Amino acid sequence: MTQPSLSVLYSDHLRTLTARADQALQRGGFDHLVIPSGTTHYQLFDDRDYPFAVNPQFKAWVPLTRMPHSWLVYTPGKRPTVIFYQPFDYWHVVPDAPSGWWVEHCDIHIIRTPEAALPLLPARTERCAILGEAASALGACVPNNPAAVLDFLDYQRAFKTPYELAVMRLAQQLAVRGHRAAEAAFRAGQSEFGIHMAYCSAVGQDANELPYGNIIALNEHGAVLHYTELGRQAPQPLRSFLIDAGASAHGYASDITRTYAADAGSEFQALIDAVDAAQLRMGNAVRAGVDYKQLHVDAHLSLMGILHDFGIITVSPEAALATGVSAAFFPHGLGHLIGLQVHDVAGFAASDRGGRIERPDGHPYLRLTRMLEPGMVVTIEPGVYFIDMLLDEVKKNGHAASVNWDRVAQFAPYGGIRIEDEVVCTDGAPENLTRPVFAAP
């Protein structure tokens, strides 16, 4: 993506954001939208700060992710104003003055102290919708996070602009570069920690810059859904590798998962291939007007069909779903919205005026219950796992006969399988953001 084209896309993106903000402010009865970037937070009984995490509402407007004590101010009919904190400091590296393809579209004021922002903020704070954490308060400018404004903006965030899709594609490219390096490190016999370091080096981002903690799981560690321990010694023998890792680009996240078998001729590889084929079909079902809840239920049936074919369960997919057996093997949701945040907001929103669409009974970890519409980007991440705690529940609930325990014992040392792509819902066929990048040379 060239700089000029990003500039053009950003200009259009900003027009969309201002139109949304105009409507949100009208609904809430406010004259100004004020968004602090956030503040630094210090560890308890210490003078060391935590890694800074920018306010997602702030980085929706400008691609600044490491700028505490900065502000975005928008008043309908005017250009957005960015109050950019650039302190005098010899202890730390001072951020460069704003530059690049976005600055021509905003009015920028540079401040040297956090307090210097105050006279640049709207004087009548009661007329401001101020979106941020309480710690960002400055004088009378105290975040109020009005529901009418947040509900509208969060709901609309599901619909990505061409600019957002462009930078999300960049995040895909970075992450796939890391995934390739990670697979090579796995094939070379590296430890989880070594694989993680290979990933970070290939992406060019450290743990504080990545959108979430890398899941680098060898062998049975793949049965821990959010395994982040990073063992320093590679297990012997090396059987399997599950990697769930993304990258950041201009404030937007990617989220990709792959699973590999050490032995390409093993039954575990055959199981991976079956889940991979099913995952592609699930991604192709991302269509406008489809209920994501139904996609999730359909995923359960598809995965249980695979387990039945492999002799791991002894009952029909429908019976496994009805009795809760399927949840022991596939205990998480099919996916979620993604964008500025890995688990992007408003996945349960009934409308842009609030309300909530509940999860289906028996599926407490599904993160998206909305109808799919053009512009949404969702993850599709089916998984099959061999988790002792959940399989013990199957026995306790009287469904032991539904499972072939000898087959479970054969697959348990591999941990589990998860395969995840990002998919754009369009007016027609969906666009898979992830697969073409892996397929490229």
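Please read every residue number as a count from 1 along the shown chain.
The backbone N, Cα and C atoms fix where each Cβ goes, glycine too.
Of the listed candidates (Asp244, Asp263, Asp406), Swiss-Prot assigns Asp244 to the same Mn(2+) 2 site as Asp255, Glu420.
In the record from Swiss-Prot, residues Asp255, His336, Glu420 bind Mn(2+) 1; the candidate from Glu192, Glu209, Glu381 listed for the same site is Glu381. Distance between Cα atoms for Glu381 (Mn(2+) 1 binding site) and Asp244 (Mn(2+) 2 binding site): 10 Å, as a whole number. Under DSSP, Glu420 (Mn(2+) 2 binding site) is assigned to a strand (E or B) in the three-state scheme. Here Asp255 (Mn(2+) 2 binding site) is positioned 10 angstrom away from His336 (Mn(2+) 1 binding site), judged by their C-alpha atoms.
Taking the centroid of the Cβ atoms of Asp255, His336, Glu381, Glu420 as the Mn(2+) 1 site, the other same-chain residues with Cβ within 8 Å of it are Asp244, Ile256, Thr257, Gly335, Ile338, Thr379, Ile380, Asp421, Glu422. Between the listed binding-site residues, namely Asp244, Asp255, Glu420, the fewest other CB atoms within 10 angstroms of a CB are found at Glu420. In the structure shown, across all protein chains, Glu381 is the one of the binding-site residues His336, Glu381 with the greatest number of other Cβ atoms within 10 Å.
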